[in-house]
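Colleague: Handing you a structure now.
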Amino acid sequence: MQAIAGSKAFAPLEGRRGLGNISSRISRRPLNLAAVKKPLNLVKERVCMGSSFSSGWGREMCWKRMDTEFLPSKRGSSRTIRAKAYDGDLESTASEKPLTSSSGTVLPYVGVACLGAILFGYHLGVVNGALEYLAKDLGFAENTVLQGWVVSSTLAGATVGSFTGGALADKLGRKKTFQLDALPLIVGAFLSATAQNVQAMIIGRLLAGIGIGISSSLVPLYVSEISPTEIRGALGTVNQLFICIGILLALVAGLPLAGNPIWWRSMFTIATVPAVVMALGMIFAPESPRWLFKQGKMAEAESAIKKLWGKGKVEEVMVELRASSTGSAEEDAGWFDLFSKRYWKVVSIGVALFFFQQLAGINAVVYYSTSVFRSAGIASDVAASALVGASNVLGTAVASTLMDKQGRKSLLMTSFTGMAASMLLLSLSLSWKALAQYSGILAVLGTVMYVVSFSLGAGPVPALLLPEIFASRIRAKAVSLSLGMHWVSNFVIGLYFLSVVNKFGISKVYLGFASVCLLAVLYVANNVVETKGRSLEEIERALATAA
């Protein structure tokens, strides 16, 4: 309905002779229906017949929309004519329609999906504490190359998984892909836990990586598609929050290692539990209504909407889905379609956001946090990691409360600005002699500031924003491509980071990261659109009009 009001079909209303007088009369006194109903019907007929909604249900919805714009509400309040064409700026066309409150039960299904996010964080963090012990146990403690393979095999697997997750989600549906994703997560964790040599460990880590790669694109995609518009930002942030929780759980799981060196096997065994629960939980979870609609399964889509958002939302959401699909019977896009002139501009935003996210230095800050805290007198590695993890969780929790109030774009710009300032502080604390006596405290402050700033926007927003701005026919594959850039960037930075630090020094590297953060602010300001408070279908139609 909102798209009809905002479409160019209504633009001529603003300049048509006589309508301004009708508007002023409506706003000054109660409307005389008998006096204006006939001319209004003529106006509606001309507008709706001349628009892209001139036949079938679209014409009917066009008439209904104009009725709500011209006629007073049931309570007798007067309304003025609103006939604003979309001007190319998504942010200037906030949704005017009243939203029906959701009365369904979406939170349990978001929780089941986010078990994939917990495993994402857990598998990334579990090897940090366990590597030293498992290397000794499996006989490659002196071989740093093999240790590097144990770590990087997960990233390699995640890259493969992220590129395949979108295609699987389009082909099989979101729900079945979650259940399929549980297989490499369970088998990978089991192989790692029972490994008797380094080869088995690498295979297990590779399979787990494929699993978390699929999860990295599938979780934000599914959560965005099942979340009500009014809380989609908050629920989308839960993905990043659960990743942080997964990392913290890996840290906690490693605490017994000091007293029990073979505890590392139990750490990997623990990872099978969330994967099994996710597979079983998805049996009861509804499929994405948007995917069902695209498959032509209307009755199932309505049933899923009722289960997720309540009976009162069924008609409203189905109208949105039909409006979004009007005039387009296109099949899901292929990989090469993402690079076409039609889609590349919006796809490039997703790729760029994850590129900036990784090149802004988050991995470097986490990697060096232990040495930074030691310089400040915090000798415990566990305490240092806990402080970083707690800062990440705190920032993400705050972001979840602000996402639907401040908006995605605002949080991204604030986040990258704070990260730039933190990186500058870290660089100066390590290089400016005048600050030498305060270097330890300033480095800790800069690290905590950076992690909190990252978790406010640069961490959670990209995975939330991308499913919102991608058209339905490219959404799954475009999210996969963007997440693929995340994993490729992560892998490359991990591969060359130490070499760059050894050549230029950590202070100059931090300064380079600060520059990247400032470039990210400029990029976001000029390219990213605000999406808060708008349904996925509204966003898609508005961006399609602007293209």
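In case you wondered, yes, glycine gets a Cβ from its N, Cα and C as well.
All annotation found in TrEMBL is predicted automatically rather than curated by experts.
Sequence annotations record features per position, and here TrEMBL assigns domain 'Major facilitator superfamily (MFS) profile' to 109-532. For 106-126, 146-168, 202-223, 235-256, 262-285, 346-370, 410-432, 438-466, 478-498, 510-529, the entry in TrEMBL reads transmembrane segment.
So that I understand the layout, could you describe where these features sit and how close they are to other parts?
Modeller: Under 8 Å from some Cβ of the transmembrane segment (106-126) lie the Cβ atoms of residues 154, 178, 181, 185, 189, 208-209, 211-212, 214-216, 218-219, 222-223, 226-228, 235, 238-240, 242-251, 253-254, 267-268, 271, 274-275, 277-278, 281-282, 285-286, 308-309, all in the same chain and six or more residues away from its ends.
Taking Cβ pairs closer than 8 Å, the transmembrane segment (146-168) reaches residues 123-124, 127, 131, 134-135, 140, 177, 180-181, 184, 188, 198, 201-202, 205-218, 221, 476-481, 483-484, 486-488, 490-491, 494-495 in its own chain, all 6 or more past its ends.
Within the chain carrying the transmembrane segment (202-223), a Cβ under 8 angstroms from the stretch's Cβ atoms is held by residues 110, 113-114, 116-117, 119-120, 123-124, 127, 149-151, 153-166, 168-169, 174, 177-178, 181-185, 187-193, 195, 235-236, 238-239, 268, 271, 275, 288, 463-464, 466-467, 475-476, 479-480, 482-483, 486-487, all 6 or more beyond its ends.
When Cβ-Cβ distances below 8 Å are used as the criterion, the transmembrane segment (235-256) is approached by residues 106-107, 110, 114-115, 117-126, 128-130, 219-220, 223-224, 227, 263, 266-267, 270, 382, 385-386, 389-390, 392-393, 396-397, 399-400, 403, 455, 459-460, 463-464 of the same chain, each at least six residues removed from its ends.
Same-chain residues lying 6 or more positions outside the transmembrane segment (262-285) and placing a CB less than 8 Å from one of its CB atoms are 109, 112-113, 115-116, 118-119, 122-123, 126, 129-130, 133-134, 137, 175, 178-179, 181-182, 185-186, 189-190, 192-194, 204, 208, 211, 250, 253-254, 256.
Long-range contacts of the transmembrane segment (346-370) within its own chain (CB-CB distance under 8 A, at least 6 residues past either end) are made by residues 338-339, 381, 384-385, 387-388, 412, 416, 419, 423, 426, 447, 450-451, 454, 458-459, 461-462, 465-466, 469-471, 474, 478-479, 481-483, 485-486, 489-490, 493-494, 497, 506, 509-510, 513, 516-517, 519-520, 523-524, 527-528, 543.
Within the same chain, residues 216, 219-220, 224, 232-233, 236-237, 239-241, 244, 349-350, 353-354, 356-357, 360-362, 365-366, 369, 372-373, 375-378, 387-388, 391-396, 398-400, 402-403, 408, 411-419, 421-423, 425-426, 428-430, 478-479, 482-483, 520, 528, 531 sit at least 6 positions outside the transmembrane segment (438-466) and bring their C-beta atoms closer than 8 Å to a C-beta of that stretch.
Same-chain residues lying 6 or more positions outside the transmembrane segment (478-498) and placing a CB less than 8 Å from one of its CB atoms are 151-152, 155-156, 158-159, 162-167, 213, 216-217, 220-221, 335, 338, 343, 346-347, 350-351, 353-355, 357-359, 363-364, 367, 462-463, 466-467, 470.
Sequence-distant contacts of the transmembrane segment (510-529), counting only residues of its own chain at least 6 positions beyond either end whose CB sits under 8 Å from a CB of the stretch, comprise 90-91, 349, 352-353, 356, 359-361, 364, 408-409, 412-413, 416-417, 419-421, 423-424, 426-427, 430, 458, 465, 469, 543.
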Colleague: Counting only residues 6 or more past its boundaries, what in the same chain has a CB within less than 8 Å of a CB in the transmembrane segment (410-432)?
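Modeller: Result: 353, 356, 360-361, 365, 372, 399, 402-403, 438-439, 442-443, 445-447, 449-450, 452-454, 456-459, 461, 465, 506-508, 510-511, 513-515, 517-518, 520-521, 524-525, 528, 530.
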